Amino acid sequence: MCRGNLYIISAPSGAGKSSLISALLERDKNDSMTVSISHTTRSPRPGEIDGVHYHFVSHEKFEQLILENSFLEYAKVFGGNYYGTSLLNIEKNLAAGIDVFLDIDWQGARQIREKRPDVKSIFILPPSISALEKRLIGRGQDSQDIIAKRMEKAADEISHYDEYDYVIINADFDQALVDLEHILRAERLTVNYQKTQNAALIHQLLVK
């Protein structure tokens, strides 16, 4: 069985990352890809389901998992809550031939690259700063103060785009989705991937 690929997908809030990932999964008819479900110590928000949106655990449980080296990466964010990516769940999916997406920021991406040099990373950029702000306002979810803070954070996040393997500019959603699909397909056609996944065939072809 072919092994899945591990992908990091990062973007400033409002760039369309979550929508692109959701659309990609909807078009996946073979269950060949999934999003890693993070662990967190924060309380569930209305409509969130344990095991679907996050694995909700106590601080004590999370810190126990840290001691057990259960996370590929984790962070303690503003407000004191932990977020972490489970190593076991990722490995199970990759071994089953499933591509796994990590929806994380550039700081988490740095942690993972140090541990997993095989990871592929994609950064989603907005077509302009004004378009990003317009999308955040159009959501109708945040106050002007929160939007201002998100915009300030976005400038910092965007400055790290060149740490990634691929960049997609989400000016047109459908085209950005096609670009994302092409990246996934291309990664399964690299020489290194084919040498690993089709070693027996290549050996047979080279036998004189």
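In case you wondered, yes, glycine gets a Cβ from its N, Cα and C as well.
Copied over from Swiss-Prot:
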- A11, P12, S13, G14, A15, G16, K17, S18: ATP binding site (BINDING)
- 4-185: domain 'Guanylate kinase-like' (DOMAIN)
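Structural mapping of features recorded in Swiss-Prot.
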residue: A11; record: ATP binding site; contacts (Cβ under 8 Å, 6+ apart): K17, F123, I124, L125, E157, N170
residue: P12; record: ATP binding site; contacts (Cβ under 8 Å, 6+ apart): P126, L132, R150, K153, A154, E157, I158
residue: S13; record: ATP binding site; contacts (Cβ under 8 Å, 6+ apart): L136, R150, K153, A154
residue: G14; record: ATP binding site; contacts (Cβ under 8 Å, 6+ apart): P126, L132, E133, R135, L136, R139, R150, A154
residue: A15; record: ATP binding site; contacts (Cβ under 8 Å, 6+ apart): I124, L125, P126, L132, R135, N170
residue: G16; record: ATP binding site; contacts (Cβ under 8 Å, 6+ apart): I124, P126, R135, N170, F173, A176
residue: S18; record: ATP binding site; contacts (Cβ under 8 Å, 6+ apart): D103
Exercise. Excluding A11, P12, S13, G14, A15, G16, K17, S18, which residues of the same chain place their Cβ within 8 Å of the centroid of the Cβ atoms of the recorded ATP site?
Worked result: I124, P126, L132, R135, N170
Problem set entry | DSSP-derived class (H/G/I helix, E/B strand, else coil) of A11 (ATP binding site) | coil
Seminar exercise, completed: For K17 (ATP binding site), the number of neighbouring Cβ atoms whose distance to its own Cβ is within 10 Å equals 22
